[in-house]
Each structure stands twice: as structure tokens, then as C-alpha cells.
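Database features (TrEMBL):
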- A:20-47: transmembrane segment (TRANSMEM)
- A:59-79: transmembrane segment (TRANSMEM)
- A:99-123: transmembrane segment (TRANSMEM)
- A:143-160: transmembrane segment (TRANSMEM)
- A:189-211: transmembrane segment (TRANSMEM)
- A:223-250: transmembrane segment (TRANSMEM)
- A:256-277: transmembrane segment (TRANSMEM)
Amino acid sequence: MEFVFLLEQVVNGLVLGGYYLLIALGLSLIFSVGGVVNLAHGAFYALGAYAALEIRARLGFAPAVILSPVAVGVLGIAFERLLLRRFYRADPILSLLVTFGLAMVAEQAIRMIWGAAPLPVAIPAALKGPVMVGDFLFSRYRLLLLAIVVAVLAGIWFLLNRTAFGSVVRAGVQKPDMVAALGIRLQPYMTAIVVLGVGMAALGGALFAPITTVHPAMGAEIMTVAFVVVVIGGLGSFWGVVLAAVLVGVVRGLTIHFLPAAGEASMYVLMFLVLLLRPRGLLGERIEKFE
Amino acid sequence: MTDRKSTGGALDRRTTLKLGAAGLGAAAFGFPAIVRAQTDAIRIGHLTPMTGFLGALGGYAVLGIKMAEEEINQAGGVMGRPIQVISEDSINPDTAATKAQRMLDRDGAAFLMGEISSASALAISQVAARNKRLFLSIGARSDTLRGKSCNKYMFCVDIPNTVMVNAVGSALLRDNMVKGKRFVTLTADYVFGHDLLRAAKAFFAAHGGNLVGDELVATDVTDFSPYLLKIRQARPDVVCSNLAGNQVTNLIKQYAEFGLPYPIVGFNLNTADAWAAGEGNLSGTWPTVWYHTLDTPGSKAFVEKFVKKNGKPPENHAWIQYISLKLMAEAMNAAKSTDSETLGAYLEKGTQFDILKARKAYFRAWDHQLIQEAYPFTVKPKAQIKDKWDMLQLGAAVPNPDQPLESIYPTREQNPCSL
């Protein structure tokens, strides 16, 4: 019986990893392409949740999940064009300060617009409740979430590896000067990557609003986990982030099974071990390269 | 390897990442509020969490105390002087202690009040004792604050954990949900949760309940799925929440998401966290210190005024901060002093204060806690809910009107407080 319990935690951890992935992958993408750690990434996650809440009140759940990332993506265009763009080549401390400041401004803006108290959001009735697969218990809603994450992941991978757009981005990550010499402007690609990244974060917010507390500081909450996942996975490694997200989800589940009080600490211990044994991160040897 | 220069000038990605980590760390510290100087005003240092897992409650706390401040000043202040409440985000116990000391040293605060977090309240109470200044601990519920860690300069307003357990416990006993039943508890992993678990264990032991699992949950947990799987594996008769703040909301939402069949009860819930749970997610029996549908004239007038001002009904932390400042103003006026020793002596006298409930409340001299009524509540059936704030059905006050208020509080034998 004990083995089945553990297996159940492992499978649940995989599902949870998918959620971490939505946030961490965007963070990693923006870092690989622009060399900027976007500390405001969590703010876009929170905005995604709040936007979804507003759209859902008017149009319903499915339109909210689709339109919220689009709306936040548009905000991402402004963010990249007006702000982030100026810091790609600057001292990293500047971009960190700016995005950190922006995160605080966004959190306070949310507090001013929607109030400090958490807002109620429920799962649509049709998606609520458990699904039993053999003796395994799953949440119906999370299975849907997993399917969406897998679809998004496949889409991003395809975009980066099988399209002209992806070739330019990957070339730009490695040899921007060469890309420029070939007469290609990288700037629109940068914008697209940032839009993609913050859009994914917003999608995460929209999807997780019904099962977590929607409050102004929710962005700061998720930011730390996303950052840990990126560091464990290895900088700029697509599969590294995927692996790390899943690993963090599984390790957390198993730790909670044996030692519940250490559940949240487990990912930091994992990060510590990875940095100690393999400072580049799990798949970090292919640093700054997406494949 | 890539040519670094080409991607970002002087940028070294590892350095960037290190700085990123430092930035995230810095997010843990807050920024001080702007203090406006005002001569001859009586200044009161007010600390409460405004961010973090208790931040939502702190938002209500500030609204409540500001409303009391305005009313007191409109009515001529205290001893002819205006009062000025300096509110700051307490953030965590360390920062709370630092800010408390600064409020006394630099901002000229006569005394301190506030808090929701039991851990921060404990830290502030030590600062208060060292400086021999009064600290009115308003929203913290740990028994320890009134027991082992009580001190001469701290007075506690909110109901303690033992009273919350007793309030829900009486309802559970009535419904035959304790004796011989298997319980699993989820407990917030800090001083408040540990304390609540202790009170819950004492209750189960006294009434034949059987604790088959108890899980500690860190305060920053947002995903409860591994815990829910463990609960299902234990197959209890009743699930019992000793969580706090956002944790409760997250648990309730995800409990409904996974559709576990076991009834859930809890020994702590603030109404803001209940409101945030979303339609159809909350169930079970929970305790409260106050709810805005409470049917007393004073309470109704307060609610009406609050709604007019803020566009939403007050949460229990708004109410408790409001009555706390009101009773301190009353104490200062009656004692004709802002001196901590004098005020402390006045509160110890057992003066009856109107806290907008059916029965008046008073501070017990030997452990400095406010003795007052508490209530269990359940969730209203969907058809009876008038608006999104009206989801709870307040039960009858405990103790019964014919019993002394102290009957739900720990006795002198049970409470290891010596001032």
C-alpha cells in the first residue's frame, strides 16, 4: 500500500510541475534572449489572474482563459518596447532594479484597483471534483490544466525548433552580431519572446485563480519557485526547465509524504544540492541554447 | 560557449542571476510608511501585517482602526488632544520588533497596539516589556501570548485558541461528531498553529476523539494537493483545519477541487478568508469572534457606517481594531493619562467595555486577556444567500447567557500565566 501512496504523490508532483513550468519557462526564455532576469514576471502572473476574473464575470470561463493571456501579452509589448528594451545591454543591476520596482508598482496597483482582500473565484461546476483512475485520485480540473500545459509546451518547442521564427531567435541567442550582419532586426523577435513569456505567466494565473487565493501578493509568491526552477534546470535550457519543474513538484510531494513540515524547504535543498554538484544546473552545459 | 559580449555587453549571466536572488530576498523587507508629524497629538504605534499570508486581514485591520481614529478625533479627541495612529506593515517578527522599538524611540508613540500574527505579537510584546510600555495585542490568537509568554505590559483582545476550539467543539459535541471519530488535522507551522493544535488535542482527548494524523503546513504553502492525498490515504471521519490566513482559503478551494468526501471543520477562520473561498467551496463548522450580521444595535450601526465609508462590510479584524482603539480612548479619558503604567492599572481593574456584542467584555486581571463571547458558524444553503458577503450562518453565542463568560476561557489551573 505504501508504494501506491508514493506513486500517487509522484504522479501528483508531475501535474504540479506543469504549473511551475508555465511561469518558469517564460522567465527562462526572457533571460536567454535578453539576458534580463525579469523580477516582474510574477506580476504578470497576478495580472493574468485578475484579468481572467474580470473577463470571466462578463464572458465566462473559457474566454477568460484565452483572453487574459492575450490582454497581458499586449501589456507585455508595452513593457518590452518602453522599458525592458533599454536594459538588454546595460549593467544587470539596472534591469533588476527596474523590474523589481515594476513588480512592486504592479502589486500596489492591483491593491488599489481590486483591494487588499483576496477575491473569490471558483472552478466551473462541470470541471470540479475528482477523477478516479484505478485507485488513483486526480482532480478533474488539474488534468485539464496538465493537458493545456503539455499543449503549450509542444507549441513553444515547435515554434523554437521548427519555424523560421525559432531559427532567428536561437541564432540571436548565440550570435546576435551575426544575425544583424545578415540584415535581420532582432528587436521584433525580442518583443515576441517577452510577449510569449508574460502571456504564459498570465495563462498560469488565469488557470490557477480557481484553486489558489487571488490576492495582490500572489505574484511575489510564485516568483521564488519559478526562479528556483530556472536555477535548478540550468540557464536557458528548455528541457532543463521542464525537468526541473517536474523534479521540484515530485520532490515536494514526496517530502510532504514523509516529513510534511519540510515540504516547502525541499525545493531549496534540491537547489542547494544541484548547485553544489553541478553548478551549471541540470542541463546547463547547453547554456544559452534552446533545443 | 557563447560570446558574452555579443548578447549583452558587460553582462555576466551568473552575476545577473545572483543579483536576481538578492532582489527576491529584498522583497521580504517592506518600506516604512510616511509619518506625518503633528504636534500635541497623542501618537499610537500600530503594527499589523499588510502583506504576506495575513495581509488581506491586515487591510481590514487598518480600515477598522482608521475609522475609530476619525470618530474619536471628530468627537474632540482624547483629553482634548487629537490622536494619531501610525500604521505600518509588521512583515515578520524581526521587522515588527525593530519597527516597534523605532516607533517608541523616534516617532514618539505613547504605546503600541495591533497585530494579527501571533509570532510578531510575541516579538512586539518583548519590546514593550523591555521599554515598560503598553502593547495591546489585538488580533493574535495564540494561547501562549496569554499563558507562558504573558507579560505585565501586554493585553490581548481577540479570543484565544482555546476559546475557538471550545466554540466549535460545543457544536461538534451536539452533532455527535467527536466521540470515537477519527480526526486528521492540518496545522499552520508557526507558534499560532502549534498552539491551536495543542488546544485541539486537549479537546479530542477530553471527549474521546481519535487523532490519526497531524500534518504541519508551512505558512507560504499555496498547493495543498500532496496533503489532500495523504488525508485520503488516512481515511479519517473528520478533517480538521488549524490553519491561518490564506492557507485556509487555499485548503478550502482545493478540498472542494479534489472532492474529498470527509466532512471538514476548523478551529480558526477569518471571514475575509471565507469570502475568498468562492461559491460552493466552503462547508463545515468554524469559530468566529464577530460577524457583520451579529444582531445588536451597536454592531448594526458600526456595520452600516463602515459599508457607507468603504463600500463593503467589515471583516472581523476591522471590527476588533475599531473596538480596540475605542476602548483605549475610553481608558485614556477615564484614567486621564497616556502613561503605560497608569493605563495598565486601569485596564486591570476589570472595567466593562461595550464591544458591540450582547454582553460587555472586560480584561481579566491575572492574565490580561479580554473576556468576551464567541460564536460558531456554519455555511448557509445556497438559496438563502443574499449577497456574496452573506454566506455564513452565525450560531448562538457561547457561552449561554446564563453561564459566566469565563466558562469558555482557560482556568487559572490550565493557564500558566504569571505576571
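Just so it is clear, glycine is given a Cβ too, placed from its N, Cα and C backbone atoms.
Because TrEMBL annotations are produced automatically, they should be read as predictions rather than curated entries.
Counted as Cβ pairs under 8 Å, contacts with the transmembrane segment (A:256-277) are highest for A:223-250 among A:59-79, A:99-123, A:143-160, A:189-211, A:223-250. With Cβ pairs under 8 Å as the measure, the transmembrane segment (A:223-250) is packed most heavily against A:20-47, out of A:20-47, A:59-79, A:99-123, A:143-160, A:189-211.
Against the transmembrane segment (A:99-123), stretch A:20-47 has more CB pairs under 8 A than any other of A:20-47, A:59-79, A:143-160, A:189-211. For the transmembrane segment (A:189-211), the partner stretch with the most Cβ pairs below 8 Å, chosen from A:20-47, A:59-79, A:143-160, is A:20-47.
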